[in-house]
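Participant: My structure is below; once you've seen it, I'll send some questions.
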Amino acid sequence: MSPQTETKASVGFKAGVKDYKLTYYTPDYETKDTDILAAFRVTPQPGVPPEEAGAAVAAESSTGTWTTVWTDGLTSLDRYKGRCYRIERVIGEKDQYIAYVAYPLDLFEEGSVTNLFTSIVGNVFGFKALRALRLEDLRIPPAYTKTFQGPPHGIQVERDKLNKYGRPLLGCTIKPKLGLSAKNYGRAVYECLRGGLDFTKDDENVNSQPFMRWRDRFLFCAEAIYKSQAETGEIKGHYLNATAGTCEEMLKRAFFARELGVPIIMHDYLTGGFTANTSLAHYCRENGLLLHIHRAMHAVIDRQKNHGIHFRVLAKALRLSGGDHIHSGTVVGKLEGEREITLGFVDLLRDDFVEQDRSRGIYFTQDWVSLPGVMPVASGGIHVWHMPALTEIFGDDSVLQFGGGTLGHPWGNAPGAVANRVALEACVQARNEGRDLAQEGNDIIRQAGKWSPELAAACEVWKEIRFDFKPVDTLDPNDKKQRDNEDTLADKFFGDKG
């Protein structure tokens, strides 16, 4: 390097390493309506001050790096840098803090969840100065939301397509999830739909394996759909899983489903990836297909309380990327999910405007500016005794999906579907009559079983089945509501089934 070049490069530049907090911790910053806001749960390494840890997150997820670089002088850092603008201690946890970071909108490509996540949950999660890091929530501003198509159709359009109103929809995942031939698989689909279900579903790991290639499955399932529709007079569907090893193959399967005239297909959005999911959502809107989303792999990312990404963030990302249904946990079944936390992200999926509510884990007010809503799917270890609780918790705009709770009926698949449909209709009627499902749920199911032998048999089989494990991911003590009665809703439902 010549002396002249060295002198010019050194003007206004001091090489070396300086604390992140000198540039990226700005407690006086007033957030803008166009900022993307993030709440991170930060656990610093011993000796690292919380302000430095929060600033490091802001820096490493936006414009910063580990040392000063002279090219900083070629742009406006004040315009593009992320800012840690508030830090609060987590009560009841040692050395754990919530760091709030604001990102300028220009840091992100329009309509790309992939780019959004690459920055905000990228390399910063491996930063050595942090023992653990978790993204608890995001505020997506209207200016950015408007760059996304979102769900292909949304809740109201789905109801209109299916001509089903005033109750939750009923589904069933076909079991065993792997190993059936296409013809036997289609037979199970037909029996469940004929028995009264609205949907059946491919399991998430059913793609195109040697025992059942995708094209054969699609054909036999389409036959089952049309036969059950003709016999019941109701519109039926099966979630045909279009997830594949390449986007081209995925879209080929979606095209074949459209040619068969089926109403809905399916995608595993986390294992398949956000780019593939957004592409499929666009195809579904253009071609009149509903899109069911499975969240396989989510617990790897969201289950641990101190590291990863909370599912409420993954739910928001899905609403941006596109999907008409997404699995959301059950509260009362076999899968992880605390009631208040689950209800929080269910509202974020369905509602147009959701206020900040820390008692449900919602850190920011979210305005979706009329982006279509997503139907939550309750699935995993549920059966007829859960029906009152599920109806109460999830309301009408939901899908209640019973796999083993349908196919495990002692009399077969169709009677299992009948039992679930009768239980649902009884709960909806009781609710509409003003009865308290929380207090009278078990009695409602018992009374309905007197005139439905299928339901009575199901009640007998599953009367002792419960999944009583405390959830791993819970609200922080300072975020919990003070309740007069600490009994959970599930406890009320499981009092006496005699």
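Cβ atoms are placed via backbone N, Cα and C, with glycine included.
Here's the feature list from Swiss-Prot:
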type     : residues                           : note
MOD_RES  : K14                                : N6,N6,N6-trimethyllysine
BINDING  : N123, T173, K177, R295, H327, S379 : substrate binding site
ACT_SITE : K175                               : active site, proton acceptor
BINDING  : K201, D203, E204                   : Mg(2+) binding site
ACT_SITE : H294                               : active site, proton acceptor
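Context for these features, please: burial, neighbours, distances.
Facilitator: Under DSSP, N123 (substrate binding site) is assigned to a helix (H, G or I) in the three-state scheme.
In the three-state DSSP scheme, K175 (active site, proton acceptor) is classed as coil. Every protein chain considered, the tally of other Cβ atoms within 10 Å of the Cβ of K175 (active site, proton acceptor) stands at 16.
All protein chains shown were included, and the count of other CB atoms within 10 Å of the CB of K201 (Mg(2+) binding site) stands at 28.
If you take the C-beta of H294 (active site, proton acceptor) and look for same-chain residues 6 or more apart in sequence within under 8 angstroms, you find E204, N241, M266, H267, D268, Y269, I326, H327.
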Participant: Measuring Cα to Cα, how many angstrom lie between K177 (substrate binding site) and D203 (Mg(2+) binding site)?
Facilitator: 6
Participant: Taking the Cβ of H327 (substrate binding site) as centre, how many other Cβ atoms lie within 10 Å?
Facilitator: 21
Participant: Considering each pair of residues in N123, T173, K177, R295, H327, S379, all listed as binding substrate, report the largest CA to CA distance in Å, no decimals.
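Facilitator: Taking every pair of listed residues, the largest Cα separation comes to 37 Å.
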Participant: Output the one of K177, R295 that, of all these binding-site residues, has the highest number of other Cβ atoms within 10 Å of its Cβ.
Facilitator: R295
Participant: Given the binding-site residues D203, E204, and counting only Cβ atoms in the protein chains shown, which has the most within 10 Å of its Cβ?
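Facilitator: The largest 10 Å Cβ neighbour count belongs to E204.
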Participant: What does DSSP call H327 (substrate binding site) in the simple three-state scheme?
Facilitator: strand
